[in-house]
Structure formats: C-alpha cells, structure tokens
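Report on the structure given below.
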Amino acid sequence: MSTPVLEARDVSMVFGGLKALKGVTLTLDEGKIVGLIGPNGAGKTTFFNCLTGLYTPTTGQVLLKGNVLPGDPAQVTDAGVARTFQNIRLFPSMTVLENVMVGRHVRMKQGPLASLFHGPAYHRGEKAARDRSRELLAFVGLNNLDDELSRNLPYGDQRRLEIARALATDPAVLLLDEPTAGMNPQETEATQQLIFRIRETGVSVVVIEHDIKFIFGLCDSVSVLVQGELLVEGSPEVVRADPRVVEAYLGKPPEEVEHEIEAAKGEQA
Amino acid sequence: MSVLLQQLANGVIQGALIALIALGYTMVYGIIQLINFAHGEVFMVASYGGLATFTLLPDDLKKSPAVALPLMFVGGIVVAVLVAVIMERFAYRPLRNAPRLAPLITALGVSVFLQEAVRVWYPDATSNLPYPKVFPEGGLSLGSVNIAWTGVLLVGLSVGLSVILQTYINKSRMGRAMRATAQDPDTAKLMGVNPDRVIVLTFIFGAVLAGVAGVMFGGYLNNINIDMGFQNGIFAFTAAVLGGVGSIRGAVIGAFIIGLIKTLAGQYMPGGTQYDYVWIFVVLILVLVFRPQGLFGEPERVRA
C-alpha cells in the first residue's frame, strides 16, 4: 500500500476548556478528492488550521507524504500544502497578477540583493514567475484581469483567484474552505469542473463545503465531522445512507423523538 | 524674489533630508503598525558612526576625500543597520503580539537609551562636534540663488534612493512579500513568506536610508550633536503622517512639503526661524483633523 499524501492521525485541539477537535483521523490518497462536511461549529476550519500549521494540534500528528508537518505555516507551504479561506483573504490592494505572484514566493530563488541590482537572474526569475502566474490565471478562467486590484473583482472571481494563488505554491495537497459559498448554481458547477481539472494535474484535494449535493457529486470519499468528532467516513453512497449523518443535519425523524420522549416518561414514572 | 527662490531651494534640500528619514518611519509602520520613535536616533547614531569612521582612518586617507567620504558612508550605514537590527531583534520582536502600546513605549525607551549611550560613550559628545571637511566644497550659482554641492548631492541621493526603494517594493519578490505582509500577515505566512525576514529587511532598508541621511546631515551643516535625531525625527514623523503613514510616495512628498513650510515660514511668518516648528505642527494638526489618513494614505478599513 502506498503512503497517503496527507494523513491526520488522532488530531485533537483544545482551546482553554473547549475541545474543538477530538481525535480526528483523515487519510488523503494521492489523486483523490476528500470532502469534509458537518454542521457549523463542528471544527472543520479548526481542522484545516491544524493541517496548515496555523495551529499545532494539542495531541496527534499530521503527516505529509509520511513526514511530520513542520509547525510553521511558511514551511508547511514550502512542503506542499496550500489552502483557500472561507472568508476570502486576498491581498486587497495588490493586483490580480501580483496576488498570484506572492503565491509563487516559495518557489522563487531571488534573494534581497539580487532583486536590488536587477541582474539577469532577477529578470529570468521574475519572468518565470509571471509566466507561471498567467498560466494559472488562465487555468482558473481569469483572463485579461492581470492589472485589476483584487478587491475590485466580483465575488466568484475572487474565489477563483484565491485558488490560482494557492496553486502557485505548487502544492501536493490543496485545501479548499467552502469554495462555492455564495455562488449561484452555474458558478458552483464551474467550480466543480475546476476542482476535477486540478485533480488531473496531480494535486490531491480536501474540500470543506455545506452544499451536500456538490460534495457528493465531487468527492471520492467524505468525512463527516460533528462537534469535533469524526462521525462517519466513507464513499458518498455510504455517507448519504448513514442515519447518523441525516440525524446530525436534520435532527431525528419525528417518530423516533416521540419514542424517546415516551421512554423518558417511562423512566420518570 | 531672490530671497523667495533661495528659500525654496533651501526648503527642497531640507525636504530631501527629511524624506530619507521619513521613509524609515513609514515602511516600519506599514509592515508592523509601529511608530518607531527610535528611528530618529538611528539617523543620529549613523552620523556619529560616519564621524568615528573618519577619526579611525589613517592620516593619509583623511586627506583624500574620494576615499574618506565613501568610507564614511559605509561606516555610518553599517552602524545604523546594526543598531536597527539589534533594536528589532531584542526590543520589538519579543513584543510582536503584545498590545500596540507596549512596543510604542519601548520605542521611546530605545530612543532615550541611544541618545544617552552616545552622550556617555562617544568622546566629547556633550558639545557640538565638527564634521570633517571631505565633502565637495562650494556650490552652484543660478542667478542670485546659491546651492551648496552638498545640498545638490543630498537631493540627488534622496530622490534616487526613493525611486530605487519604490521599484524594489513594487517589482521584486521580497517587495511583494513586504506588501503582502503589510496587508495580511497571516495569509502571507501561508504563501510561504517568512514574516521575521520581511520585518528585519524593512528595518534594514530604513536604517540604510537613515545612514545616508546622517552622514549627509553632517556634510551639509558641518557639525552634529546628539539632539539632531530627536529634532529631525519629529519632522520626519510629521512628514510621514502628512503623506499618509505606510505610503512611500506620501512620505517623500510630505517631507518636501514640511521642508518648504519650515524654510518659508522661517522667512516670512512673524517670529521667523524661532517659530518654524509651530507652523509645521499647525499643518500636522490640520491634516489630522481634516484628512486623518494623510494625503496618500488609505482610509483605515476594518478587516472582515
């Protein structure tokens, strides 16, 4: 069996008295798309923060290609994990192209002095970064917007720009935090196609999303997180059919609740 | 008329000096939202560093300005950079996540420390020290207006270095990293930007410019004293606020405006040069009241 590209082993995260994550385990095999769903406050974003070095798990560990993830976000990016954010976090006063080029930062060799003296190595490096960034912008479908300030883009374009910026770090794993939030059905469909195309380039993907239909249509495997615990994990078919998932999302079916009330009354009597 | 032209020229030279210092204030503020009150002292220490370098030169080199002057620049800049890097590492970095007031008060402490350190340890620093005469003498005469060569050099260096800095920040990998860190430090980290490296680099750039300014100040005014950092630091800080703290272009333009107000008010306003400070701060107050973000600053936005 080959080593999974990303593996979270028994990850727990405690903030003061709050247990945000309780022993979550997740395995991402190369070339797969894994979905992470769960009600609000289930710990999905906290889990992403543990996977990117923003938080150090209280217990447990995260492995990237079998190696323990470094504890510093910049090094995690260098090692090959990139992400986008639930609430878009572009650099608002930089242009579209510059945003992607910042993503290129870790893959550029240019030191502080080389860029001061604008030697041939500087020009080669800048050109390579610019070309690669344009390529990625075209890949996500943002053409001819290079010099626009990122804050002026429409919402859906900002989400795609964030994905291009994340891809610019040449990740092995891409973490997408609610990539279709606020999108209309056409945009959601386009995002799904985009994620499939990203997988084709050899990047493995973890997606957080509330849109169940989107997740089930996209992912090879789905993990359900409820109150910091991994409730169910499996193929979309298995997860969809699991009564506990339905319960976590919709509550218990009415007859069952009545049953429990009856039972409780019985106990009291 | 000739008096006006002469004062305009003097104002531009003053502005060029202030600009070199103001850039250090504005860059550091842009990245870590700290008004580094000790930056004026970095400029002062650089001036003494240049003087010390000259004092340590062998006698035959002292007589050759073409060698002595560049070495003084190197000495001044090296001292300024060392002081700035040590200050960042030991005074500010431990307070990176503290409430904003803590590093601000630390900056005032560092400022007093540097001033007293020079007073105590530099020979004869309690009085004005003459600066070596290795700078080009004489000047340019345009009609009735006389401009010293040191003034011309100062303006040239100031404008040239500002342009290089602006280009660097806009068009290089580390420059982009600096802007990204200024706009959103956490996200910049996730792009692989090392914030410590970016912040140190910012302090180093500020110190290099202050170093050039410190040596040029001695050359232009012929003598230096330990109060020079405080006085010019205040002007530079005002210039940075006037231009919009965080903005490179704003700091430079703000500095030239301050320089011009200083010389013109000294000439034409009642009270003369004794009151030139007053007019500078009147302008500062007006800006803070009517345009708090400064001429080129962006209005502060609350981050979502």
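Glycine is treated like the rest: Cβ placed from N, Cα and C.
Taken straight from TrEMBL:
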- B:12-32: transmembrane segment (TRANSMEM)
- B:39-57: transmembrane segment (TRANSMEM)
- B:69-92: transmembrane segment (TRANSMEM)
- B:104-122: transmembrane segment (TRANSMEM)
- B:147-169: transmembrane segment (TRANSMEM)
- B:198-221: transmembrane segment (TRANSMEM)
- B:233-265: transmembrane segment (TRANSMEM)
- B:277-296: transmembrane segment (TRANSMEM)
| note | Ranked by Cβ pairs within a distance under 8 Å of the transmembrane segment (B:277-296), the first of B:39-57, B:69-92, B:104-122, B:198-221, B:233-265 is B:233-265
| note | Among B:39-57, B:104-122, B:198-221, B:233-265, the stretch with the most Cβ pairs under 8 Å to the transmembrane segment (B:12-32) is B:233-265
| message | Check the transmembrane segment (B:69-92) against the transmembrane segment (B:198-221) for contact, please; criterion is three or more CB pairs under 8 Å, pairs 6 or more apart in sequence. | response | yes
| When counting Cβ pairs under 8 Å to the transmembrane segment (B:39-57), the leader among B:104-122, B:147-169, B:198-221 | B:198-221
| query | Can at least 3 Cβ pairs under 8 A be found between the transmembrane segment (B:147-169) and the transmembrane segment (B:198-221), with each pair 6 or more apart in sequence? | reply | yes
| request: Please give the sequence-distant neighbours of the transmembrane segment (B:233-265): residues at least 6 beyond its ends with Cβ less than 8 Å from one of its Cβ atoms. | output: 7-8, 10-19, 21-27, 29-30, 35, 37, 39-41, 43, 111, 158-159, 162, 165-166, 169, 182, 275-276, 278-281, 283-284, 287-288, 293-298
| remark: Per the Cβ filter (under 8 Å) with a sequence gap of at least 6 from its ends, the transmembrane segment (B:104-122) is approached by 34-38, 40-42, 44-45, 48, 52, 83, 87, 91-92, 95, 226-227, 229-230, 233
